[in-house]
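Just dropping this structure here.
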Amino acid sequence: MASVGAVKLFFCFVLWLSNILSSCQGKENFYEYRYPFIRRASSFSTSSSFSSSSGGDNVYDYIIVGGGTAGCPLAATLSQNFSVLLLERGGVPFSNSNVSFLQNFHIALADTSPTSASQFFISTDGVLNARARVLGGGTCINAGFYTRASARFIKRMGWDAKLVNESYPWVEKQIVHRPKLAPWQKAVRDSLLDIGVSPFNGFTYDHIYGTKIGGTIFDRFGRRHTAAELLSSGNPRKLTVLIHASVQKIVFDTTGKQPKAVGVIFKDENGDQHQAVLVNKAQSEIILSCGAIGTPQMLLLSGIGSKADLKKLNIPVVLNNKFVGKGMADNPMNTIFVPSNRPVEQSLIQTVGITKKGVYIEASSGFGQSSDSIHCHHGIMSAEIGQLSTIPPKQRTPEAVQEYIKNKRNLPHEAFKGGFILEKIANPISTGELNLINTNVDDNPSVTFNYFKHPYDLQRCVEGIRMATKIVQSEHVTNFTRCNKETVDKILNMSVAASVNLIPRHTNDTKSMEQFCKDTVITIWHYHGGCHVGKVVNPEHKVLGVHRLRIVDGSTFSESPGTNPQATVMMMGRYMAVKILRERLGRAAGI
């Protein structure tokens, strides 16, 4: 009990300290001593034009659009040798308690306000989703699980394995931790081994068949460490990070044989427009790191995409490329709800089963609830994975979502007893596409993932659900929850009642596992694609047909790496920056 009291005291101290610092220096300025290069976009003064970009203030060797999972390590590393401008549309995570503490994980996802760290959207499939809108990107709103990609993925990407194995530890030494295994995670671990997901590989970052414990970006106090903290490795004399900087489009010089990126136009938090300019050197670049949703959207808004689609929105065509936004994929996830007759400690993903059937099994438990969340609505998304709702399935319309949010302004201190078994399909064959709805960069584009369109994906989901039900029925789980062993029908019925998406339910969704998979599919936020290698970018991730424009993020992936992609996306930012520096400077790079 003493240790619990100490942790609570620590949280109180941190919150008190952040309040004191905020009142003294402004809500987003107390971090200025560690990150003196981070400032609001309105502080930027445009003094250079696109036609005279030979040097001077506000002219940069690299302009990175998107301060997320890849953008932060990319900027920090490039700034060792060159001037870098990093533009992030959101704010900072450091003063946001909903981002910083594990117990508030669900609140950041449920917050649909314009200043939220997560931007809510619904795919055309009817699945509720979120994209990051904060410095640090997805590392600020995810479940924190850290695990590397497989050797096969690295080889398929054509990456230098030696440099990859140097880049992962660079991330891990700064923000990754070994979790203290929660009781629920132990029960799931033992159940996985019982049903044959073996061997037990212990604690490891590596992607290995069997059952393992992975890393986490939450420390032992439950405090989240994000990609934004990797910026502390940057050179403060060469790095400028602007928050609340919403890039409107990339600007090109189209007078040559191929378009050449020369700068970007962005708006600050007051709506005022600015331009940032590249140094007039062949090796200077604009690098897009806006994520699988934001990067294809930015290319389209800037005039790179299908000529016919761009003309419909009166966007001047810079380059006709029909592949931009195509091949979008998301790893479909389905969950099994497991009730408990005793309180369950909150845990996000720690244990994972990596099967040879192309299915990953993970788990979460409990419902974190801090004093800060009492006056925050949870909307329709709550309890770890965006699941529980009192709205009947057939009434889950977009209008019902908004009405539910409106009526749930003040929450009582909730108690949630139970957990979830998460079943995720690895490497889905089913793909979709992204299209612009309008030319407003702040609005979400239309995204379709086509979950389970390919029969093999559906077959693997059925295999995964069968494995998940066996875990729920195992003695390790029933002994932990103090619940009786239930039939498969009853287990599925409980999960159907709990799951939330906007897909109509069918009367046979607990009799047919195929229908259960289709009706209860949700996301685990591992979407990728839209700017594939060989179609939109070359193997060095330079945009085809354009000079001085590169993409470094998951939009270039044809599959999501490992069981969870954040480790590889952060590594990718470091890796690509080191490659760029070595190619440009050779041994003088000093990396």
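Backbone N, Cα and C atoms are what each Cβ position is placed from, and that goes for glycine too.
Any TrEMBL annotation is an automated prediction that lacks curation.
Pulled these features from TrEMBL for this protein:
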- 1-26: signal peptide (SIGNAL)
- Glu88, Arg89, Val134, Val247, Trp525, His526, Gly554, Pro565, Gln566: FAD binding site (BINDING)
- 291-305: domain 'Glucose-methanol-choline oxidoreductase N-terminal' (DOMAIN)
- Cys461-Cys517: disulfide bond (DISULFID)
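I would like each feature placed in context: is it buried or exposed, what are its neighbours, and how far apart are things?
Secondary structure of the domain 'Glucose-methanol-choline oxidoreductase N-terminal' (291-305), assigned with DSSP and counted as helix (H, G, I), strand (E, B) and coil, comes to 11 helix, 2 strand, 2 coil.
Long-range Cβ contacts of Cys517 (disulfide bond) within its own chain (separation 6+, distance under 8 Å): Pro332, Asn334, Phe452, Leu458, Cys461, Val462, Ile465.
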Quick one: average pLDDT across the domain 'Glucose-methanol-choline oxidoreductase N-terminal' (291-305), no decimals.
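Residues in the domain 'Glucose-methanol-choline oxidoreductase N-terminal' (291-305) carry a mean pLDDT of 98 in this prediction.
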Counting across all protein chains present, how many other Cβ atoms fall within 10 Å of the Cβ of Gly554 (FAD binding site)?
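Within a 10 Å radius of the Cβ of Gly554 (FAD binding site) lie 29 other Cβ atoms.
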Need one number for the FAD-binding residues Glu88, Arg89, Val134, Val247, Trp525, His526, Gly554, Pro565, Gln566: the maximum pairwise CA distance in Å, whole number please.
25
Who sits close to Glu88 (FAD binding site): which same-chain residues at least 6 apart have their Cβ under 8 Å from its Cβ?
Gly66, Gly67, Gly68, Gly71, Val134, Leu135, Val241, Leu242, Ile243, His244, Ala245
